[in-house]
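Reviewing the structure listed below.
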Amino acid sequence: MRSGRYIGVMSGTSLDGVDVVLAAIDEHTVAQQASYCHPIPQDIKMAILGMCQGQAVTLSALGQLDTRLGILFAEAVLTLLKETELRAQDITAIGCHGQTVWHEPTGDAPCTLQIGDNNRVAALTGITTVGDFRRRDLAYGGQGAPLVPSFHHALLLHPVERRIVLNIGGIANLSLLVPGAPVRGYDTGPGNMLLDAWIWRHCAQPYDKDAMWAMSGQVNPLLLRRMLTDPYFALRAPKSTGREYFNLSWLERMLAGLPPMAPQDVQATLVELTAMSIAEQVLLVGGCERLLVCGGGARNPLIMTRLSALLPGIEVSTTDECGVSGDDMEALAFAWLASRTLSGLSGNLPSVTGASQETVLGAIYPVNAD
């Protein structure tokens with residue numbers, strides 16, 4: 001593997017910021033050295049949300065958003081370099097996931113689209129950039145997601161302990177790590193996505209800090225049962241999903257015809273949906289000794305409490321307790337995937353995505369030679 005300093009850039013479905021992380025990576029270790037979260041301007045955030053929820057968009061608007069996101073990602077990297085007093089020459093490459101605006105891995109013409117022009121990232125930072133990680137897996141019949149389980153396996157596999165790494169971002173996904181067995185992983189369903197969208201609509205807050213609003217409400221069993229009957233939860237793996245499926249339009253369909261309820265009760269019920277849909281999948285794959293949680297949902301005390309209650313006998317903790325920052329996990333993963341791409345090594349796991357073979361992921365955007 002090509003060792004060096006790498007920067008990972010991740011803008012996830014939760015849209016809570018652009019996560020940028022600096023790590024020293026070699027064949028055996030991934031050592032995080034610095035991190036930074038760059039704000040996403042509100043107009044860009046709203047444009048992304050509109051596209052993800054199927055609003056009509058012109059090619060001009062899509063192209064301009066692609067450019068603006070590329071510039072934004074470059075600004076995030078340059079800010080991290082300034083904070084760490086490093087130069088572009090000190091960095092081997094950037095692994096830039098991009099912003100998913102559509103993910104449709106099934107049907108006659110499976111597709112996934114991450115925007116944020118990597119040409120701009122490379123040009124503005126002066127650093128070789130690796131991006132467009134998902135579509136090669138799709139080309140081999142895979143879901144294109146999740147890709148992070150290969151990183152979980154490299155970093156958090158235990159010699160004897162059966163573990164599940166659970167990432168709760170906008171969407172929740174799990175990685176089953178069993179010594180001596182192939183990795184399994186998939187998207188379980190909504191993580192923070194519906195929670196954030198609902199509190200933004202009713203309270204104009206980007207997220208429910210410490211789950212205070214949800215804890216002021218009561219779970220509505222009728223709504224919960226209706227949501228849990230959604231066909232996605234019964235699908236067999238490999239499977240993946242996103243904001244184009246689980247969004248406020250989906251929630252409004254679930255609420256249709258039910259007696260009126262307080263918005264905080266809906267919020268409480270959405271927390272229970274996230275916790276129950278995760279817990280059911282944890283049990284479906286045979287459980288584990290330790291559930292390691294990362295992503296923004298790891299900071300939601302109500303989700304963590306409910307997971308512990310729904311999974312008795314399983315130790316529920318965070319990846320931070322294993323020395324890996326839960327907030328930076330995905331950005332770290334794409335820094336690591338960039339190192340594998342530059343080394344000509346595969347980055348996907350067919351046992352997770354359903355692809356017909358392992359493959360090198362992504363496209364490389366080199367900088368001009370001096």
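Every residue, even glycine, has its Cβ placed from backbone N, Cα and C.
Keep in mind that this is a model prediction, so the values were computed, not measured.
Annotated features, as they stand in Swiss-Prot:
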BINDING   Gly12, Thr13, Ser14, Leu15, Asp16, Gly17, Val18, Asp19  ATP binding site
Which listed residue (Leu15, Val18) has most other Cβ within 10 Å, given these are binding-site residues | Val18
Nonlocal neighbours by CB distance (under 8 Å) for Gly12 (ATP binding site), same chain, sequence gap 6 or more | Asp19, His97, Thr100, Gly169, Gly170, Glu330
Largest tally of Cβ atoms lying within 10 Å of a Cβ, found at which of the binding-site residues Asp16, Asp19 = Asp19
Other than Gly12, Thr13, Ser14, Leu15, Asp16, Gly17, Val18, Asp19, which residues of the same chain sit close to ATP? List them in sequence order, counting a residue when its Cβ is within 8 Å of the Cβ centroid of the site.
-> Met10, Ser11, Ile40, Gly169, Gly170, Gly296
Sequence-ordered list of residues in the chain of Ser14 (ATP binding site) that lie 6 or more positions away and have a Cβ within less than 8 Å of its Cβ, or none, is Gly169, Gly170, Gly191, Asn192, Met193, Asp196, Gly295, Gly296
Measuring CB to CB from Gly17 (ATP binding site), give everything in the same chain under 8 Å that is also at least six residues away in sequence.
-> Ser11, Cys37, His38, Pro39, Ile40
Just how many other Cβ atoms lie inside 10 Å of the Cβ on Thr13 (ATP binding site)?
-> 23
Helix, strand or coil at Asp19 (ATP binding site) [DSSP, three-state] | strand
